[in-house]
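S.K.: Sharing the features that TrEMBL gives for it:
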type	residues	note
BINDING	Arg125, 148-151, 214-216, Gln220, 267-270, Arg450, 461-462	substrate binding site
BINDING	Glu144, Lys305, 364-373, Tyr375, 398-401, Glu425, Lys452, Asp458	ATP binding site
BINDING	Glu144, Asn146, Glu368	Mg(2+) binding site
DOMAIN	204-302	domain 'Glutathione synthase substrate-binding'
Amino acid sequence: MAAPWEDVLRNETAVQEAARVAVDAALLAGVLMRTEGEPNASDVVNYAPFTLLPSAVPSALFEEAYAVQQDFNLLVDAISQNKEFLERTLASTIKVDDFTARLFRIYMQVLEEGLAQSVFLGINRSDYMFDCGVDGTPALKQIEINTIAASFGGLTSRTAAVHGQVLKVLGKSKEASRLLPNNPSKGLALGIAKAWELYGSPSAVVMFLVEEVQRNIFDQRCVENELWNRNIRVIRRRFRDVFEKGSLDDARRLYMDSQEVAVVYYREGYVPKNYDQQNWEARLLLERSRAVKCPDIATQLAGTKKVQQELSQPGTLEKLLPGRAEAVARIRATFAGLYSLDMGEEGDKIAAMAITDPDRFVLKPQREGGGNNLYGEELRQVLERIRDSPERTSYILMDKIKPQPAMNYLLRAHSPLQVSECISELGIFGVYVRQGKEMVMNEAAGHLLRTKATEHADGGVAAGVAVLDTPYLV
(Lines of atoms letter the chains of each structure in order from A and count residues from 1; the text may use other names and numbers.)
(Lines give C-alpha, C1' and ligand atoms only; values in the text may rest on other atoms or scores of the structure.)
Protein backbone atom coordinates (compact mmCIF):
# COMPACT_ATOMS: atom_id res chain seq x y z
CA MET A 1 0.00 0.00 0.00
CA ALA A 2 2.88 2.35 -0.67
CA ALA A 3 1.96 5.93 -1.55
CA PRO A 4 4.15 7.63 -4.16
CA TRP A 5 6.24 9.69 -1.70
CA GLU A 6 9.17 7.36 -1.03
CA ASP A 7 11.44 9.90 -2.73
CA VAL A 8 10.24 12.71 -0.43
CA LEU A 9 10.81 10.70 2.75
CA ARG A 10 14.48 10.33 1.82
CA ASN A 11 14.97 14.06 1.07
CA GLU A 12 15.55 15.85 4.37
CA THR A 13 15.72 19.35 2.85
CA ALA A 14 12.40 18.88 1.02
CA VAL A 15 10.78 17.52 4.20
CA GLN A 16 11.93 20.50 6.32
CA GLU A 17 10.59 22.98 3.75
CA ALA A 18 7.31 21.06 3.29
CA ALA A 19 6.77 20.92 7.07
CA ARG A 20 7.09 24.73 7.35
CA VAL A 21 4.58 25.18 4.53
CA ALA A 22 2.26 22.55 6.08
CA VAL A 23 2.08 24.24 9.47
CA ASP A 24 1.32 27.66 7.95
CA ALA A 25 -1.27 26.09 5.63
CA ALA A 26 -2.97 24.40 8.61
CA LEU A 27 -3.12 27.67 10.54
CA LEU A 28 -4.46 29.48 7.46
CA ALA A 29 -7.10 26.81 6.83
CA GLY A 30 -8.29 26.78 10.45
CA VAL A 31 -7.06 23.29 11.41
CA LEU A 32 -6.84 24.54 14.99
CA MET A 33 -7.05 23.47 18.61
CA ARG A 34 -6.77 25.42 21.84
CA THR A 35 -3.64 24.71 23.85
CA GLU A 36 -3.31 22.42 26.88
CA GLY A 37 -2.16 25.39 28.95
CA GLU A 38 -5.21 27.53 28.03
CA PRO A 39 -7.90 24.97 27.07
CA ASN A 40 -10.81 27.43 27.35
CA ALA A 41 -9.20 30.46 25.70
CA SER A 42 -9.15 31.15 21.97
CA ASP A 43 -6.55 33.91 22.17
CA VAL A 44 -3.81 31.23 22.39
CA VAL A 45 -4.26 28.51 19.76
CA ASN A 46 -2.10 26.14 17.75
CA TYR A 47 -2.56 23.81 14.82
CA ALA A 48 -4.20 20.44 15.48
CA PRO A 49 -1.67 17.62 14.95
CA PHE A 50 -1.62 16.15 11.43
CA THR A 51 0.52 14.10 9.05
CA LEU A 52 2.94 15.82 6.70
CA LEU A 53 1.81 13.62 3.78
CA PRO A 54 -1.51 11.94 2.94
CA SER A 55 -1.61 8.21 3.70
CA ALA A 56 -2.31 5.47 1.17
CA VAL A 57 -5.74 3.85 1.49
CA PRO A 58 -6.91 0.99 -0.78
CA SER A 59 -9.67 2.50 -2.95
CA ALA A 60 -11.77 -0.71 -2.90
CA LEU A 61 -11.85 -0.72 0.93
CA PHE A 62 -12.57 3.01 1.04
CA GLU A 63 -15.57 2.46 -1.25
CA GLU A 64 -16.70 -0.53 0.84
CA ALA A 65 -16.66 1.62 3.99
CA TYR A 66 -18.85 4.24 2.33
CA ALA A 67 -21.20 1.61 0.84
CA VAL A 68 -21.98 0.03 4.23
CA GLN A 69 -22.56 3.27 6.17
CA GLN A 70 -26.28 3.61 5.40
CA ASP A 71 -26.68 -0.01 6.54
CA PHE A 72 -24.99 0.83 9.85
CA ASN A 73 -27.26 3.89 10.23
CA LEU A 74 -30.31 1.62 9.84
CA LEU A 75 -28.84 -0.91 12.26
CA VAL A 76 -28.10 1.65 15.01
CA ASP A 77 -31.61 3.08 14.61
CA ALA A 78 -33.17 -0.41 14.77
CA ILE A 79 -31.24 -1.26 17.96
CA SER A 80 -32.31 2.02 19.59
CA GLN A 81 -35.97 1.06 19.07
CA ASN A 82 -35.59 -2.51 20.37
CA LYS A 83 -36.07 -2.48 24.16
CA GLU A 84 -36.02 -6.28 24.45
CA PHE A 85 -32.68 -6.52 22.59
CA LEU A 86 -31.02 -3.79 24.70
CA GLU A 87 -32.36 -5.28 27.96
CA ARG A 88 -31.16 -8.78 27.14
CA THR A 89 -27.78 -7.73 25.67
CA LEU A 90 -26.82 -5.37 28.50
CA ALA A 91 -28.21 -7.53 31.37
CA SER A 92 -24.79 -8.84 32.49
CA THR A 93 -22.95 -5.56 31.81
CA ILE A 94 -25.20 -3.35 33.93
CA LYS A 95 -24.59 -5.59 36.96
CA VAL A 96 -20.88 -4.72 36.98
CA ASP A 97 -20.50 -1.46 35.00
CA ASP A 98 -21.99 1.42 36.98
CA PHE A 99 -21.78 3.95 34.12
CA THR A 100 -23.71 1.79 31.64
CA ALA A 101 -26.16 0.90 34.45
CA ARG A 102 -26.93 4.57 35.14
CA LEU A 103 -27.52 5.28 31.46
CA PHE A 104 -29.76 2.22 31.32
CA ARG A 105 -31.79 3.36 34.35
CA ILE A 106 -32.50 6.70 32.66
CA TYR A 107 -33.45 4.83 29.46
CA MET A 108 -35.98 2.68 31.35
CA GLN A 109 -37.39 5.63 33.28
CA VAL A 110 -37.98 7.64 30.09
CA LEU A 111 -39.65 4.66 28.38
CA GLU A 112 -41.95 4.08 31.37
CA GLU A 113 -42.96 7.74 31.37
CA GLY A 114 -43.58 7.63 27.58
CA LEU A 115 -41.33 9.25 25.00
CA ALA A 116 -42.04 12.93 24.37
CA GLN A 117 -39.55 12.95 21.48
CA SER A 118 -40.94 12.10 18.02
CA VAL A 119 -38.02 13.11 15.77
CA PHE A 120 -34.74 11.16 16.11
CA LEU A 121 -31.33 12.27 14.86
CA GLY A 122 -28.32 9.97 14.65
CA ILE A 123 -24.80 11.20 13.96
CA ASN A 124 -22.39 8.30 14.19
CA ARG A 125 -18.93 7.41 12.96
CA SER A 126 -17.95 3.87 12.06
CA ASP A 127 -14.19 3.33 12.45
CA TYR A 128 -12.14 0.75 10.54
CA MET A 129 -8.61 -0.51 10.03
CA PHE A 130 -7.20 -2.39 7.05
CA ASP A 131 -6.36 -5.85 8.34
CA CYS A 132 -3.60 -7.65 6.46
CA GLY A 133 -4.61 -11.28 6.82
CA VAL A 134 -2.49 -14.38 6.52
CA ASP A 135 -2.04 -13.86 2.77
CA GLY A 136 -1.33 -10.10 3.12
CA THR A 137 -4.51 -9.01 1.32
CA PRO A 138 -5.97 -6.02 3.20
CA ALA A 139 -9.58 -6.31 4.43
CA LEU A 140 -11.85 -3.68 5.97
CA LYS A 141 -12.45 -4.50 9.66
CA GLN A 142 -14.57 -2.42 12.02
CA ILE A 143 -12.97 -1.19 15.25
CA GLU A 144 -16.16 0.30 16.69
CA ILE A 145 -19.09 2.57 15.97
CA ASN A 146 -19.31 5.87 17.87
CA THR A 147 -22.91 6.95 18.45
CA ILE A 148 -22.21 9.97 20.71
CA ALA A 149 -19.95 13.02 20.24
CA ALA A 150 -18.19 11.60 17.15
CA SER A 151 -15.61 14.32 16.62
CA PHE A 152 -13.32 15.86 13.97
CA GLY A 153 -15.96 16.18 11.25
CA GLY A 154 -15.11 19.88 11.25
CA LEU A 155 -11.32 19.89 11.19
CA THR A 156 -11.09 17.02 8.71
CA SER A 157 -13.21 19.13 6.34
CA ARG A 158 -10.18 21.45 6.12
CA THR A 159 -7.29 19.00 6.19
CA ALA A 160 -7.38 17.87 2.53
CA ALA A 161 -6.63 21.44 1.38
CA VAL A 162 -3.52 21.49 3.59
CA HIS A 163 -2.24 18.20 2.17
CA GLY A 164 -3.00 19.43 -1.35
CA GLN A 165 -0.80 22.48 -0.73
CA VAL A 166 2.03 20.33 0.65
CA LEU A 167 1.98 18.02 -2.38
CA LYS A 168 2.08 21.01 -4.76
CA VAL A 169 5.12 22.44 -2.95
CA LEU A 170 6.78 19.02 -3.33
CA GLY A 171 6.16 19.12 -7.11
CA LYS A 172 3.28 16.63 -6.99
CA SER A 173 0.42 18.67 -8.44
CA LYS A 174 -1.07 15.66 -10.26
CA GLU A 175 -1.24 13.70 -6.99
CA ALA A 176 -2.67 16.77 -5.20
CA SER A 177 -5.53 16.91 -7.71
CA ARG A 178 -6.47 13.31 -6.80
CA LEU A 179 -7.23 14.12 -3.14
CA LEU A 180 -10.97 13.79 -2.57
CA PRO A 181 -13.08 16.74 -1.42
CA ASN A 182 -14.48 15.98 2.04
CA ASN A 183 -16.85 18.08 4.14
CA PRO A 184 -18.44 16.13 7.02
CA SER A 185 -19.25 19.37 8.89
CA LYS A 186 -21.73 20.25 6.14
CA GLY A 187 -23.29 16.76 6.24
CA LEU A 188 -23.60 16.78 10.04
CA ALA A 189 -25.17 20.24 9.94
CA LEU A 190 -27.68 19.10 7.29
CA GLY A 191 -28.85 16.36 9.66
CA ILE A 192 -29.15 18.75 12.61
CA ALA A 193 -30.97 21.29 10.39
CA LYS A 194 -33.44 18.63 9.20
CA ALA A 195 -34.20 17.58 12.78
CA TRP A 196 -34.62 21.25 13.77
CA GLU A 197 -37.01 21.81 10.86
CA LEU A 198 -39.11 18.71 11.71
CA TYR A 199 -39.31 19.77 15.37
CA GLY A 200 -41.45 22.55 13.96
CA SER A 201 -40.67 25.70 15.96
CA PRO A 202 -38.80 28.31 13.86
CA SER A 203 -37.79 30.37 16.91
CA ALA A 204 -36.28 27.34 18.77
CA VAL A 205 -32.50 26.94 19.06
CA VAL A 206 -29.99 24.13 18.64
CA MET A 207 -28.02 23.52 21.85
CA PHE A 208 -24.51 22.08 21.67
CA LEU A 209 -23.94 20.35 25.01
CA VAL A 210 -20.22 20.87 25.62
CA GLU A 211 -17.53 19.88 28.09
CA GLU A 212 -16.08 22.06 30.83
CA VAL A 213 -12.70 21.91 29.05
CA GLN A 214 -13.14 22.81 25.37
CA ARG A 215 -9.82 22.39 23.55
CA ASN A 216 -11.56 21.07 20.44
CA ILE A 217 -13.92 24.04 20.02
CA PHE A 218 -12.95 24.85 16.42
CA ASP A 219 -14.02 21.40 15.26
CA GLN A 220 -17.46 22.13 16.74
CA ARG A 221 -17.54 25.69 15.38
CA CYS A 222 -17.26 24.31 11.81
CA VAL A 223 -20.60 22.52 12.29
CA GLU A 224 -22.05 25.44 14.25
CA ASN A 225 -21.22 27.95 11.50
CA GLU A 226 -22.95 25.76 8.90
CA LEU A 227 -26.10 26.08 11.05
CA TRP A 228 -25.76 29.85 11.47
CA ASN A 229 -25.43 30.05 7.65
CA ARG A 230 -28.91 28.49 7.50
CA ASN A 231 -30.16 31.09 10.03
CA ILE A 232 -30.52 28.47 12.76
CA ARG A 233 -29.60 29.86 16.17
CA VAL A 234 -27.02 27.88 18.15
CA ILE A 235 -26.26 28.10 21.87
CA ARG A 236 -23.46 26.31 23.75
CA ARG A 237 -24.19 25.04 27.27
CA ARG A 238 -22.69 22.60 29.80
CA PHE A 239 -24.49 20.05 31.95
CA ARG A 240 -24.20 22.39 34.92
CA ASP A 241 -26.01 25.15 32.95
CA VAL A 242 -28.82 22.67 32.19
CA PHE A 243 -29.02 21.72 35.88
CA GLU A 244 -29.17 25.37 36.98
CA LYS A 245 -31.31 26.90 34.23
CA GLY A 246 -33.01 24.14 32.21
CA SER A 247 -36.74 23.50 32.57
CA LEU A 248 -39.64 21.65 30.93
CA ASP A 249 -43.12 23.03 30.38
CA ASP A 250 -46.36 20.97 30.59
CA ALA A 251 -45.83 19.68 27.03
CA ARG A 252 -42.25 18.70 28.02
CA ARG A 253 -40.74 21.33 25.74
CA LEU A 254 -37.18 22.12 26.87
CA TYR A 255 -36.20 25.68 27.78
CA MET A 256 -32.74 27.12 28.45
CA ASP A 257 -32.60 30.74 29.65
CA SER A 258 -36.23 31.08 28.40
CA GLN A 259 -35.24 29.90 24.87
CA GLU A 260 -37.01 26.82 23.50
CA VAL A 261 -34.52 24.09 22.48
CA ALA A 262 -35.34 22.04 19.36
CA VAL A 263 -32.16 19.91 19.16
CA VAL A 264 -29.60 18.90 21.80
CA TYR A 265 -26.32 17.89 20.12
CA TYR A 266 -24.10 16.08 22.64
CA ARG A 267 -20.36 16.75 22.42
CA GLU A 268 -19.99 15.46 25.98
CA GLY A 269 -21.53 12.84 28.26
CA TYR A 270 -19.79 9.71 26.93
CA VAL A 271 -17.46 8.83 29.83
CA PRO A 272 -18.01 8.53 33.62
CA LYS A 273 -15.86 11.57 34.41
CA ASN A 274 -18.39 13.76 32.52
CA TYR A 275 -20.92 13.15 35.31
CA ASP A 276 -21.49 14.10 38.91
CA GLN A 277 -24.90 13.85 40.61
CA GLN A 278 -26.04 17.21 39.21
CA ASN A 279 -24.99 16.21 35.68
CA TRP A 280 -26.94 12.93 35.94
CA GLU A 281 -30.01 14.96 36.93
CA ALA A 282 -29.42 17.31 33.99
CA ARG A 283 -29.14 14.31 31.64
CA LEU A 284 -32.46 12.94 32.89
CA LEU A 285 -34.14 16.34 32.34
CA LEU A 286 -32.84 16.43 28.75
CA GLU A 287 -33.93 12.85 28.05
CA ARG A 288 -37.45 13.48 29.39
CA SER A 289 -37.88 16.46 27.07
CA ARG A 290 -39.51 16.70 23.64
CA ALA A 291 -36.26 18.09 22.15
CA VAL A 292 -34.46 15.98 19.54
CA LYS A 293 -31.45 14.50 21.33
CA CYS A 294 -28.41 13.56 19.27
CA PRO A 295 -28.09 10.90 20.50
CA ASP A 296 -31.06 9.96 22.63
CA ILE A 297 -30.00 7.63 25.43
CA ALA A 298 -31.15 4.47 23.58
CA THR A 299 -28.84 5.34 20.69
CA GLN A 300 -25.94 5.92 23.09
CA LEU A 301 -26.55 2.43 24.54
CA ALA A 302 -26.62 1.04 20.97
CA GLY A 303 -22.97 2.11 20.68
CA THR A 304 -21.72 0.09 23.68
CA LYS A 305 -19.04 -2.55 23.14
CA LYS A 306 -21.31 -5.27 24.54
CA VAL A 307 -23.85 -4.50 21.79
CA GLN A 308 -21.01 -4.61 19.22
CA GLN A 309 -20.06 -8.09 20.43
CA GLU A 310 -23.68 -9.32 20.44
CA LEU A 311 -24.18 -8.16 16.83
CA SER A 312 -21.52 -10.67 15.73
CA GLN A 313 -23.58 -13.61 17.03
CA PRO A 314 -25.22 -15.77 14.32
CA GLY A 315 -28.75 -14.61 13.45
CA THR A 316 -28.64 -11.33 15.43
CA LEU A 317 -28.33 -9.01 12.43
CA GLU A 318 -31.10 -10.88 10.60
CA LYS A 319 -33.48 -10.29 13.53
CA LEU A 320 -32.65 -6.58 13.72
CA LEU A 321 -32.77 -5.96 9.95
CA PRO A 322 -35.44 -8.41 8.67
CA GLY A 323 -35.65 -8.71 4.90
CA ARG A 324 -32.35 -6.90 4.33
CA ALA A 325 -30.04 -9.78 3.44
CA GLU A 326 -27.65 -7.63 1.37
CA ALA A 327 -27.24 -5.04 4.14
CA VAL A 328 -26.62 -7.86 6.64
CA ALA A 329 -23.93 -9.35 4.38
CA ARG A 330 -22.20 -5.96 3.92
CA ILE A 331 -22.21 -5.30 7.68
CA ARG A 332 -21.04 -8.79 8.64
CA ALA A 333 -18.11 -8.62 6.19
CA THR A 334 -16.63 -5.78 8.29
CA PHE A 335 -16.69 -7.64 11.63
CA ALA A 336 -13.49 -8.82 13.24
CA GLY A 337 -13.73 -11.76 15.70
CA LEU A 338 -15.69 -10.62 18.80
CA TYR A 339 -16.04 -12.70 21.98
CA SER A 340 -18.18 -12.53 25.12
CA LEU A 341 -16.63 -12.78 28.59
CA ASP A 342 -19.96 -13.57 30.28
CA MET A 343 -19.76 -15.93 33.25
CA GLY A 344 -19.93 -19.62 32.33
CA GLU A 345 -17.97 -22.28 30.51
CA GLU A 346 -17.75 -20.42 27.16
CA GLY A 347 -16.54 -17.21 28.83
CA ASP A 348 -13.99 -19.19 30.89
CA LYS A 349 -12.63 -20.71 27.68
CA ILE A 350 -12.34 -17.31 25.95
CA ALA A 351 -10.59 -15.73 28.97
CA ALA A 352 -8.11 -18.62 29.15
CA MET A 353 -7.40 -18.33 25.41
CA ALA A 354 -6.64 -14.60 25.74
CA ILE A 355 -4.40 -15.11 28.80
CA THR A 356 -2.40 -17.73 26.87
CA ASP A 357 -2.02 -15.60 23.73
CA PRO A 358 -2.64 -11.94 24.71
CA ASP A 359 -1.05 -10.46 21.56
CA ARG A 360 -3.87 -11.89 19.44
CA PHE A 361 -6.56 -9.80 21.14
CA VAL A 362 -7.79 -6.42 22.38
CA LEU A 363 -9.72 -6.14 25.68
CA LYS A 364 -12.39 -3.42 25.41
CA PRO A 365 -14.39 -1.82 28.25
CA GLN A 366 -17.77 -0.08 27.63
CA ARG A 367 -16.16 3.31 26.99
CA GLU A 368 -15.88 5.92 24.22
CA GLY A 369 -13.23 8.57 23.70
CA GLY A 370 -10.08 6.52 23.00
CA GLY A 371 -7.29 5.38 25.30
CA ASN A 372 -9.36 2.77 27.16
CA ASN A 373 -8.46 -0.51 25.46
CA LEU A 374 -5.95 -3.03 26.84
CA TYR A 375 -3.31 -4.95 24.89
CA GLY A 376 -0.55 -7.51 25.36
CA GLU A 377 0.90 -7.91 28.85
CA GLU A 378 -1.54 -5.40 30.37
CA LEU A 379 -4.47 -7.34 28.89
CA ARG A 380 -3.09 -10.59 30.36
CA GLN A 381 -2.61 -9.08 33.84
CA VAL A 382 -6.13 -7.60 33.97
CA LEU A 383 -7.77 -10.83 32.72
CA GLU A 384 -5.82 -12.94 35.22
CA ARG A 385 -7.02 -10.66 38.02
CA ILE A 386 -10.71 -10.73 36.97
CA ARG A 387 -10.99 -14.13 35.22
CA ASP A 388 -13.15 -15.64 38.00
CA SER A 389 -15.05 -12.45 38.83
CA PRO A 390 -18.27 -11.05 37.28
CA GLU A 391 -16.20 -7.89 36.66
CA ARG A 392 -14.95 -9.52 33.46
CA THR A 393 -18.44 -9.12 31.93
CA SER A 394 -17.88 -5.35 31.78
CA TYR A 395 -15.39 -6.07 28.92
CA ILE A 396 -15.52 -7.73 25.53
CA LEU A 397 -12.65 -9.39 23.68
CA MET A 398 -11.85 -8.68 20.03
CA ASP A 399 -9.32 -10.05 17.57
CA LYS A 400 -6.42 -7.63 17.20
CA ILE A 401 -6.41 -6.08 13.74
CA LYS A 402 -2.97 -6.05 12.09
CA PRO A 403 -2.64 -3.29 9.48
CA GLN A 404 0.38 -2.76 7.21
CA PRO A 405 2.52 0.12 8.62
CA ALA A 406 3.85 2.96 6.42
CA MET A 407 6.37 5.74 7.06
CA ASN A 408 5.22 9.34 7.58
CA TYR A 409 5.97 12.47 9.60
CA LEU A 410 3.54 13.41 12.38
CA LEU A 411 3.45 17.18 12.87
CA ARG A 412 2.79 18.27 16.45
CA ALA A 413 3.37 21.69 17.96
CA HIS A 414 6.71 21.92 19.86
CA SER A 415 7.74 18.40 18.78
CA PRO A 416 10.85 17.49 16.77
CA LEU A 417 10.38 16.55 13.11
CA GLN A 418 11.08 12.84 12.78
CA VAL A 419 9.88 10.03 10.58
CA SER A 420 7.66 7.39 12.23
CA GLU A 421 6.28 3.98 11.35
CA CYS A 422 2.52 4.60 11.27
CA ILE A 423 -0.86 2.90 10.98
CA SER A 424 -4.16 4.56 10.00
CA GLU A 425 -7.81 4.28 10.98
CA LEU A 426 -10.63 5.32 8.63
CA GLY A 427 -13.90 6.66 10.01
CA ILE A 428 -17.07 7.23 7.96
CA PHE A 429 -19.62 9.69 9.33
CA GLY A 430 -23.26 8.66 9.07
CA VAL A 431 -26.30 10.90 9.55
CA TYR A 432 -29.94 9.83 9.73
CA VAL A 433 -33.21 11.45 10.76
CA ARG A 434 -36.35 9.49 11.62
CA GLN A 435 -39.78 11.00 12.26
CA GLY A 436 -42.04 8.52 14.02
CA LYS A 437 -41.45 5.32 12.00
CA GLU A 438 -40.44 7.08 8.76
CA MET A 439 -36.74 7.41 7.85
CA VAL A 440 -36.50 10.93 6.43
CA MET A 441 -32.72 11.07 5.85
CA ASN A 442 -30.03 8.39 5.70
CA GLU A 443 -26.60 9.48 4.42
CA ALA A 444 -22.89 8.85 4.58
CA ALA A 445 -21.62 12.34 5.39
CA GLY A 446 -17.86 12.23 4.81
CA HIS A 447 -14.76 10.59 6.22
CA LEU A 448 -11.99 11.01 8.79
CA LEU A 449 -8.55 9.45 8.52
CA ARG A 450 -6.44 9.36 11.69
CA THR A 451 -2.88 8.09 11.84
CA LYS A 452 -0.61 7.22 14.76
CA ALA A 453 2.87 5.85 15.33
CA THR A 454 2.90 2.05 15.78
CA GLU A 455 4.41 2.41 19.28
CA HIS A 456 1.00 3.66 20.52
CA ALA A 457 -1.53 0.85 20.94
CA ASP A 458 -4.62 3.00 21.54
CA GLY A 459 -5.95 6.54 21.47
CA GLY A 460 -7.37 9.15 19.12
CA VAL A 461 -6.57 12.77 18.23
CA ALA A 462 -8.38 14.24 21.24
CA ALA A 463 -6.47 11.79 23.47
CA GLY A 464 -3.21 13.20 22.03
CA VAL A 465 -2.04 10.02 20.27
CA ALA A 466 -3.38 10.01 16.69
CA VAL A 467 -3.15 12.91 14.21
CA LEU A 468 -5.41 14.08 11.38
CA ASP A 469 -4.68 12.70 7.92
CA THR A 470 -6.08 12.60 4.38
CA PRO A 471 -6.61 9.39 2.38
CA TYR A 472 -4.69 9.03 -0.87
CA LEU A 473 -6.53 6.30 -2.76
CA VAL A 474 -4.37 3.59 -4.34
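The backbone N, Cα and C atoms fix where each Cβ goes, glycine too.
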S.K.: Starting from the Cβ of Lys400 (ATP binding site), draw a 10 Å sphere and report how many other Cβ atoms land inside it.
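M.R.: For Lys400 (ATP binding site), the 10 Å Cβ neighbour count is 19.
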S.K.: Calculate the distance in Å between the alpha carbons (Cα) of Arg125 (substrate binding site) and Asn146 (Mg(2+) binding site), and round it to a whole number.
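M.R.: So the Cα of Asn146 (Mg(2+) binding site) lies 5 Å away from that of Arg125 (substrate binding site).
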S.K.: To the nearest Å, how far is the Cα of Arg215 (substrate binding site) from the Cα of Lys400 (ATP binding site)?
M.R.: 31
S.K.: Among the binding-site residues Tyr270, Tyr375, which residue has its Cβ surrounded by the fewest other Cβ atoms within 10 Å?
M.R.: Tyr375
S.K.: Hey, how far is Glu268 (substrate binding site) from Tyr375 (ATP binding site), Cα to Cα, in Å?
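M.R.: Each residue's Cα considered, Glu268 (substrate binding site) and Tyr375 (ATP binding site) end up 26 Å apart.
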S.K.: Rounded to a whole number, how many Å is the Cα of Tyr270 (substrate binding site) away from the Cα of Pro365 (ATP binding site)?
M.R.: 13
S.K.: Distance between Ala149 (substrate binding site) and Pro365 (ATP binding site) at the Cα atoms, whole Å?
M.R.: 18
S.K.: In whole Å, how far is Asn146 (Mg(2+) binding site) from Gln220 (substrate binding site) when you measure between their Cα atoms?
M.R.: 16
S.K.: Calculate the distance in Å between the alpha carbons (Cα) of Tyr375 (ATP binding site) and Asn146 (Mg(2+) binding site), and round it to a whole number.
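M.R.: Pair distance, Cα basis, whole Å: 21 Å.
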S.K.: Just to verify: the residue among Arg125, Arg215, Lys452 with the fewest other Cβ atoms within 10 Å, which of the binding-site residues is it?
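M.R.: Counting other Cβ atoms within 10 Å of each of the binding-site residues Arg125, Arg215, Lys452 gives the minimum at Arg215.
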S.K.: Quick one: give me the count of other CB atoms within 10 A of the CB of Asn146 (Mg(2+) binding site).
M.R.: 22
